[in-house]
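Student: In case it's useful when we look at the structure, here is the feature table from TrEMBL:
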COMPBIAS  A:22-44  compositional bias 'Acidic residues'
REGION    A:22-77  region 'Disordered'
DOMAIN    A:124-409  domain 'Protein kinase'
BINDING   A:Lys153  ATP binding site
Amino acid sequence: MEDWYRWVREAGWWVRRCCCGEEEDDDEEEEGRREEEEEEEEVKMEELSLRKSRSSTSLPPAELDPDRSGSPPSGFQPHWFHTLQARRFKVQRGRSNSDPLGGKSCQDQFTWKPGLEFGAAHSYVSLEKLGEGAYASVYKGVSRINGQLVALKEIRMKTEEGVPFTAIREASLLKGLKHANIVVLHDIIHTRESLTLVFEYVQTDLAQYLSQHPGGLHSHNVRLFMFQLLRALCFIHSRRILHRDLKPHNLLISYLGELKMADFGLARSKSVPCQTFSSDVVTLWYRPPDVLLGSTDYSTALDIWGAGCIFVEMLQGFPAFPGMKDEFEQLQKIWTVLGVPSEDIWPGVSQLPNYQPDRFLFSEPKSLRNVWKRLNQLPYKTEDLVQRMLKVLPMVRISAQDSLQHPYFSTLPPPIMHLRDTVSIFKVPGVQLETEVRDVFNSGRKIKPSLLLSAKFW
Amino acid sequence: MEGPSSRLPPSLLPASRDWMVGRRDSGGDAESDRDIKTHFRVCRFIMETGVKLGMRSVPVATACVLYHRFWERASVHAYEPYLVAMSCVYLAGKVEEQHTRTRDILNVSHRYFNSGSAPLECDKEFWDLRDSVVQCELLILRQLNFQVSFEHPHKYLLHYLLSVKSLVNRHAWSRTPIAETSWALLRDCYHGAMCIRHIPQHIAIATLHLALNSYGVELPVGEKEWWQVLCVDVTKAHIDAVVSDLLQLYDMEAKCV
């Protein structure tokens, strides 16, 4: 008994020393850091090779060039101004992001520092807060190692709970996923009281992009975004991973128009298809009817439904099924468009926990072009793809792989179909974002600064 | 324990690889044998704790894999194996979405070592123990480089069992506990590092093979052996290697218990 206490205590002490060696006290700091460096060597090597392979594909040239990122800009600009510029990327094309701190005083701080290590907190400077999540705060930051902009996702650690499971899941899954349309996890920093995931910095997200360009996006851009989204889904599904939380907020958009899937906190490796997953996963608006009905044996079709909803939202400019209250209201929104399913078309539907026909208002399936007017103005193949993605019955919903072959994408240049996983579609000649018709930042309307500060845009 | 090398797993210190060399040398045999026995006992502890906490097979398997992967990179002298085991159980719960509370793990472990005693008091001692488990979780994550999602043989075994069942005479199948035996053999694989040395499909095939052989259940012979049909890349040598590792573990059990 006594012995047991002693060994656990002792072991705990060793663990603390090893995890947080560099923080113990001043005269130990040097030693601690050396140890940390040793321990991070593996991470570092991996990250270095990652950077090498990545650098030519997805970085804007301005961010790659050490001279530019190291040199001070012509005039001093306050921090918040960059926030504005990053959002006004139609004017600035995000270029201003390459000199994030402005002022001359920062010059020596941002020169290339080969001595700095990956995995160490002092290798990154946090610049401004971008947003606050359920278990983390996201900061825009800059790497002191190479001057690259990064997004620092600082995860709060509760002493009694340890590392949040969402963070563990996100880190372990993202480490294995290298794809042009999935956000890059550069580095992981752990200190005694926090864990920070270092991601590549991406200027905005689809939710912001949609609010910046209200009334629906340019149909060409919708096609490019959808192609990239489905490409990412195809990639993770082939690795038996479900995202489970697709929504415009989690799709980052770079100034070039590159779409990057982020927020893998709820993603999981998909194992035996009959396994029961915890059923509380997708934000209600993007949740498929089978999951809303209480089914727990969902699979890849779950993400396809979410992608279908986002497809409609990009075309229309407003969410496809914006339920306000609970699962039943959400289901009713879906039934209004697609009709209430019966045992005939969906065998077994009446066995699902939330299937209560007396609570559903009867409605017939409608033609999608009558519900979402934008589909009327576009060729039939657009409606056809939406229809295949928004099937009530999960088994007949199109797969990510098949959807990439759909005629809807046939107008894209053919080489786009044969890219390596890590190559952005914007490397294909002729692929570029069109100017959106409506842009709230360019219409002369003024935006309250308070609105900007609260917004999340990485 | 005072030297700097004991504060970090030696495998990460380039200067001190002697413990690795020691294991390969004949002189290290006694020590490595002792380590294997230690790990065997600790894995038994993980499984018992897992069962008492109501964890499913796969989370328990994940806990064991975390445990073995951790010692792949660390010397058994640097950290306390039972503490690592407790944190592995905790971490496995998070990875596999079957969450357990540190408090429950501590109480179950306490009972494991002091059967019949009262639950722990919620005093400073208890909070310190809990902190240790949480801190050690972070250490494991760092050691494994956050790579904590694993594929297990369980789903393959289930699939193979269903296929083999349809090939075997119905009466022979109902007379013999093939499914139960192969499942038990699979669970036992996790007592040793063999569970991370072989690929999941091979382990599944080998446990099923051993179960069929032990009960003398014959499968119809065709052009190919049944395992070649189920898993393309498996060879008799693979199966033999898994079975021999597994039998060594049963030897070990006799010595440990």
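Positions of Cβ are set from backbone N, Cα and C atoms, glycine also.
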Student: Applying a 10 Å Cβ distance cut-off over all chains shown, what neighbour count does A:Lys153 (ATP binding site) have?
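Tutor: Result for A:Lys153 (ATP binding site): 26 other Cβ atoms within 10 Å.
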Student: Averaged over the domain 'Protein kinase' (A:124-409), what pLDDT does the predicted model reach?
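Tutor: Summing pLDDT over the domain 'Protein kinase' (A:124-409) and dividing by its length gives 86.
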Student: Does DSSP give the residue listed as 'ATP binding site' helix, strand or coil?
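Tutor: Its secondary structure by DSSP: strand.
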